[in-house]
Amino acid sequence: MTDRDFARIAERIARMAGIVLEEHKRQMIHSRLSRRLRALGMGSFTAYLDHLDAGRDPAELQEFVNSLTTNLTSLYREAHHFAHLEKHVLAPLSQQTAPRLRIWSAGCSSGEEPASIALTALEAMGNAPADIRILATDLDTGMLARAAAGQYPADRAADIPQRFARHLVRSECRRFVSLPPAAQGMIAYRCLNLLEPWPMTGRFDAVFCRNVMIYFSQPTKAALIDRFAALLTPGGYLYLGHSESILGQHGDLEACGETVYRRRTP
Ligand SMILES: C[S@@+](CC[C@H](N)C(=O)[O-])C[C@H]1O[C@@H](n2cnc3c(N)ncnc32)[C@H](O)[C@@H]1O
């Protein structure tokens, strides 16, 4: 991979997905995209990039994006956020006569984050009827397909608290766990690029966008934070990853600690 190839890859993924590729990722990019070159029988990165530039292969453009996303996730990752959700969002909701809740998992990867939200909601609401919907989005179509399949490796569920784990359904081979239908039915999976216009019209009581913006430039992060804030109901919460922040003060959001932010009430 020449310097020029790397620069073209970096420019393209920044433009398409907002992802900033740093020089130290070069070896990883080389190995991930080499698989695409082999799949297409191409002998050089230059030929591959020329193929993408020609614009006649939208499926390969998607493969290119899928190859360059980082998808690490797990059930109950950063577990304090689910404890916060339970205490500050679900507990008050369970007191209402017609509970209604809208949550967005933005950058859901293979689905463990929305699954954890659904499981927490199921445990918190018990058998009480509630209108709870979780929108789970990502731009990586491979990850979304895995998320929609709704199966998680059983060994990765071993550490989650028993009161949530008890709802999980074990596969016959015992290698996978899945959500019970009542929790799975709360989640809708959609392909969505955060950089593009968002089709949702209603507001959300909580937005999880964790470990997604770390890959973006400062202006992209700032623009997204404004858009998330505008989409939250007053008093709604924005959950970011442990190394992320709203970049200083924000007129509409107040910090609640542990990378949780609350939309101010008028
Ligand atoms: C590290 S995973 C985070 C998964 C989960 N939120 C968590 O914290 O465990 C980051 C996800 O962000 C997605 N992503 C990256 N750029 C995106 C974009 N422009 N629009 C939507 N999703 C994006 C990637 O595909 C990836 O699945």
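Please read every residue number as a count from 1 along the shown chain.
Placement of Cβ uses the backbone N, Cα and C atoms for every residue, glycine included.
Curation plays no part in TrEMBL annotations; they are all automatic predictions.
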Residue in E23, E113, E254, E258 which TrEMBL records at the S-adenosyl-L-methionine site where N71, T73, R77, D138, N193, L194, R210, N211 also bind: E113
Residues satisfying Cβ distance under 8 Å from N71 (S-adenosyl-L-methionine binding site), sequence separation of at least 6: S109, S110, D140, M143
Integer average pLDDT (0 to 100) for the domain 'CheR-type methyltransferase' (1-266): 95
Maximum Cα-Cα separation in Å among residues N71, T73, R77, E113, D138, N193, L194, R210, N211, which the record lists as binding S-adenosyl-L-methionine: 23
Site with most surrounding Cβ atoms, counting all protein chains shown within 10 Å, from the binding-site residues R77, L194: L194
